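Per Swiss-Prot, the feature GTP binding site maps to 50-57, 119-123, 229-232. Residues or ranges marked as motif 'CXCC motif' by Swiss-Prot on the basis of sequence analysis: 116-119. Taken from Swiss-Prot, the feature Zn(2+) binding site covers Cys116, Cys118, Cys119. Among the features that Swiss-Prot reports, region 'Disordered' is placed at 445-475.
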Amino acid sequence: MVNKTSTNNNKEPRRMKKHYLKSNASNLKKTLHKIKVRGFEKLPVSVLSGFLGSGKTTLLNYILNSNHGLKIAVIVNDMSEVNIDSKLILENEFKITRTKATEKQVEAVVEMSNGCICCTMREDLLVEVTKLAKEKRFDYLIIESSGISEPLPIAETFTFEIDGSIENLKDYTKLDTMVTVVDCSTWLEQYQSGESLKDKDMQATDQDERSLVDLLLDQVEFSNVILLNKCDLVSEERVKTIEGLIKHINPEARLLRSTNSVVPLKEILNTGLFDFKKASEHPGWLKELRGTHVPETIEYGIKSFIYKARRPFNSERLSNVIEKGSAVFGGVLRSKGFSWIASTPELIGMWNLAGVQMTILNYGYWLADLKPHEYPNLDLQKEIKKNWSEPFGDRRQELVFIGGNTMNQSLIESELNNCLLTDAELLLGKDIWRTWIDPIQLDEELEEEELEEEEEEGEYKDEIEMKVDGSKFKK
């Protein structure tokens with residue numbers, strides 16, 4: 001990385017901004033899509049996400065102080081950082097700011113003053129968005145999430161019922177664009193740090209056990225537009241590395257480079273890019289497994305390969321390989337897929353390596369181990385049947401590896417091959433396999449308290465982490 005000292009030369013960016021906005025403000029206004037529903041218009045929404053310090057608020061201020069000609073409503077977490085001259089009014093635990101329509105076209109700002117915009121705030125967020133949409137005075141709504149928020153729960157808010165009625169928020173609004181801002185000067189280091197939010201004293205609650213890398217991945221994977229910000233503070237090589245990795249993580253996203261969060265507004269407002277089903281069902285790693293391969297990005301210094309096998313791993317041997325850390329997986333930036341462990345032969349192991357964090361989760365049952373009446377929906381059956389091969393059915397190893405030029409494919413494949421059952425072990429059968437030492441333990445039960453919490457969220461997946469010392473992966 002090349003360290004540079006940031007210079008606040010605002011004159012040139014300001015001239016460039018004015019030049020662009022004068023020529024495009026009218027076009028942006030003309031192209032704003034409004035869909036008639038029950039006699040009123042749906043309110044388009046953009047959500048801004050990104051880790052702390054990435055430049056979200058700078059982007060928001062840039063939008064609010066631009067001559068776009070739109071009446072914009074805004075929901076933020078920290079009003080103090082939003083540069084709007086207005087009076088605060090306390091209303092129902094929310095601070096409401098109202099300004100005249102002539103003041104940069106900002107009509108209302110709602111500060112979520114009792115917490116961040118995340119899963120615990122979805123009900124309040126739903127109420128506030130509905131209020132703004134029903135006023136029918138705004139052309140657009142922008143939601144700025146907190147730096148430790150994930151985009152998915154915010155997007156899910158737009159499918160929730162309002163006060164138990166038959167009306168959904170989607171009847172009043174149209175989720176238009178999910179924007180994530182990435183700080184190119186710190187993102188790779190944060191990605192590979194192995195730290196948790198608790199380590200950095202940034203957790204949302206005392207029970208927040210999320211890792212930093214998982215948060216960064218969630219913010220990037222569930223976005224339509226990714227703003228690579230602060231490009232002026234790092235080398236071209238660093239920017240290309242980040243671009244290459246993100247292209248593999250989220251190949252559908254629109255990537256934009258920026259300095260001081262300055263970007264053409266047409267790229268983030270009224271794009272029409274968001275599709276909830278598409279965003280939630282087709283992550284980049286799954287596209288690789290399905291053959292929708294991201295082209296080799298040699299120019300970015302990023303490459304990928306898929307490891308496949310049709311026999312199970314020995315749990316103890318696999319654990320020993322994982323413990324070797326960077327001696328085997330050096331250069332790997334991301335790895336995910338499906339694994340088959342002999343000690344728990346009926347269970348799918350969800351393999352997940354990100355940065356220096358390695359986990360294997362219980363992802364449910366192989367279709368080959370289910371009875372016909374237990375089969376999932378027809379579409380999923382068809383997808384699984386594509387990977388069917390006798391005598392093992394859909395049981396398999398299928399792992400995507402994404403990394404830099406130092407990633408050693410032949411070494412990784414050799415080490416993983418040594419973890420596969422030998423012909424003699426394979427003949428012993430499942431009953432014997434189950435008696436072997438099993439450090440991974442996919443069949444371990446969640447603690448009752450964790451189970452209750454996840455069931456309340458409706459997101460229980462019977463997942464168990466196999467935690468590995470992250471320091472072993474550090475370069």
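Quick reminder: no glycine exception, Cβ is built from N, Cα and C everywhere.
Across the binding-site residues listed here (Gly53, Lys56), the residue whose Cβ sits among the most other Cβ atoms within 10 Å is Lys56. The C-beta environment of Gly50 (GTP binding site), restricted to residues of the same chain at least 6 apart in sequence and closer than 8 Å, consists of Lys56, Gly147, Thr180, Val181, Val182, Asp183, Gln219, Leu227. Neighbour density for Cys231 (GTP binding site): within 10 A of its CB lie 19 other CB atoms from the protein chains shown.
Following the DSSP three-state reduction, the secondary structure of Lys56 (GTP binding site) is helix. Taken residue by residue with DSSP, Cys231 (GTP binding site) is part of a helix.
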